[in-house]
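Only one structure is covered here, and it is reproduced in the block below.
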Amino acid sequence: MVMEKPSPLLVGREFVRQYYTLLNQAPDMLHRFYGKNSSYVHGGLDSNGKPADAVYGQKEIHRKVMSQNFTNCHTKIRHVDAHATLNDGVVVQVMGLLSNNNQALRRFMQTFVLAPEGSVANKFYVHNDIFRYQDEVFGGFITEPQEESEEEVEEPEERQQTPEVVPDDSGTFYDQTVSNDLEEHLEEPVAEPEPEPEPEPEQEPVSEVQEEKSEPVLEETAPEDVQKSSSPAPADIAQTVQEDLRTFSWASVTSKNLPPSGAVPVTGIPPHVVKVPASQPRPESKPESQIPLQRPQRDQRVREQRINVPPQRGPRPVREAGEQGDVEPRRIVRHPDSHQLFIGNLPHEVDKSELKDFFQNYGNVVELRINSGGKLPNFGFVVFDDSEPVQKVLSNRPIMFRGEVRLNVEEKKTRAAREGDRRDNRLRGPGGPRGGLGGGMRGPPRGGMVQKPGFGVGRSIAPRQ
């Protein structure tokens, strides 16, 4: 019976489950996923403050892994992408959160290139591995969202002339929770407000998580079992992905000295490469881009006629709103910007009293606002009675809330700084952030690609449900 070839996504998800399970249970065995010519990058900076270089080969990778002091690592996988690449390889991108040695969770991105091991079908090893913590790349910077209360009252005309589009970060996510003893939480995606005022929304296709009963997946292996296998054998379809790891063998992963026949060439594309069509921008965005050009003219006419004719469109003047008694209370107290802090990445279930008690440790809190506009995470503002607590909070960053949530704390910008940012954004126009990725792409790894199976499957290739 000829078994069907597993899809790249199925291969990627099974690899992710095995890799992060071993990272939690036996990090000293992690180097067995790699081969003699594998490359490995795991974030961090060297002694000169520059991004650390890659290391090559099992010995160097093992030394690098041990230097990370992985202890009781818990991983929350938020998303896994996998695509077919050259010579039946699979490229896998993982996004999630990682906690090492019971420290706070940190967002990370990791990319693997899985190459065929060569001697056994559907057996892979890690040829390239790139890992980065997001806070090492982006830092704790976050752009302050537009205030909605005071500036709507005091500057209604400016708000008309500079409409700002709030980007929709509510992408589709699914929890890819690793099936070891890791914590399983159905959390909302940790998204932050984008700094660009006029983003062009793009929608990426998201792979549906479907169980494929007829496709084989890679057999699970464990370091405790030392039984050596000689040839692959089919297993029953009833075998499931959640079987105990200790029932499989890791000996075949390290005992084989493979010939270079399984090397990955740099030419040729396998016939099963998954081509995902990129979504095209909608043509209806064109008339929307013309609206800001027409609004200033209409606003100018409204201002010229304001003395005799009340405006028919747009926000009502402050004079009329004040008569209704819904605006004047907001203007009673005006706190200096130096007494205020912007707080981002707030948990969606946090309440004002809990957050106020937390910041009371730094000084007297006179006012606290939490803005929850339907998008997560929430953000807010804390007002102290003096500027000293503000500087105290800023000097103690990073600020950990509940011991596990890292708050994005920034000093509130002055009005002139906010207006300057808006002018810069309008001059720059729509598009992505300025600049590009730091550094350049590294060339191909040195030498031939003689593999040591890391993502080995042991004795057999078993179909999974």
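Cβ coordinates come from backbone N, Cα and C, glycine included.
Computed from a predicted structure; not experimentally measured.
According to Swiss-Prot:
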- 145-157: compositional bias 'Acidic residues' (COMPBIAS)
- 184-205: compositional bias 'Acidic residues' (COMPBIAS)
- 296-306: compositional bias 'Basic and acidic residues' (COMPBIAS)
- 317-326: compositional bias 'Basic and acidic residues' (COMPBIAS)
- 412-427: compositional bias 'Basic and acidic residues' (COMPBIAS)
- 429-446: compositional bias 'Gly residues' (COMPBIAS)
- LYS36: ubiquitin cross-link (CROSSLNK)
- LYS50: ubiquitin cross-link (CROSSLNK)
- LYS59: ubiquitin cross-link (CROSSLNK)
- LYS64: ubiquitin cross-link (CROSSLNK)
- LYS76: ubiquitin cross-link (CROSSLNK)
- LYS123: ubiquitin cross-link (CROSSLNK)
- LYS352: ubiquitin cross-link (CROSSLNK)
- LYS356: ubiquitin cross-link (CROSSLNK)
- LYS375: SUMO2 cross-link (CROSSLNK)
- LYS375: ubiquitin cross-link (CROSSLNK)
- LYS392: ubiquitin cross-link (CROSSLNK)
- THR143: phosphothreonine (MOD_RES)
- SER149: phosphoserine (MOD_RES)
- SER230: phosphoserine (MOD_RES)
- SER231: phosphoserine (MOD_RES)
- SER249: phosphoserine (MOD_RES)
- SER252: phosphoserine (MOD_RES)
- SER372: phosphoserine (MOD_RES)
- ARG459: dimethylated arginine (MOD_RES)
- 145-242: region 'Disordered' (REGION)
- 254-326: region 'Disordered' (REGION)
- 409-465: region 'RG-rich region' (REGION)
- 412-465: region 'Disordered' (REGION)
Same chain, 6+ residues apart, C-beta under 8 Å of the C-beta of LYS64 (ubiquitin cross-link), given in sequence order: TYR40, HIS42, VAL55
Mapped DSSP class for LYS76 (ubiquitin cross-link), helix or strand or coil: strand
Fewest-neighbour residue among recorded sites, criterion Cβ within 10 Å, set LYS50, LYS76, LYS123: LYS50
Cβ contacts of LYS59 (ubiquitin cross-link) (under 8 Å, same chain, 6 or more positions away): HIS31
C-alpha spacing of LYS50 (ubiquitin cross-link) relative to LYS123 (ubiquitin cross-link), in angstrom: 36
Nearest of the recorded positions (LYS36, LYS50, LYS352, LYS356, SER372) to LYS76 (ubiquitin cross-link), judged by Cα-Cα distance: SER372
Distance from SER372 (phosphoserine) back to LYS50 (ubiquitin cross-link), taken between C-alpha atoms, in Å: 38
LYS36, LYS356, LYS392 as recorded sites, winner by CB count within 10 A: LYS36
Cα distance (Å, whole number) from LYS392 (ubiquitin cross-link) to LYS36 (ubiquitin cross-link): 50
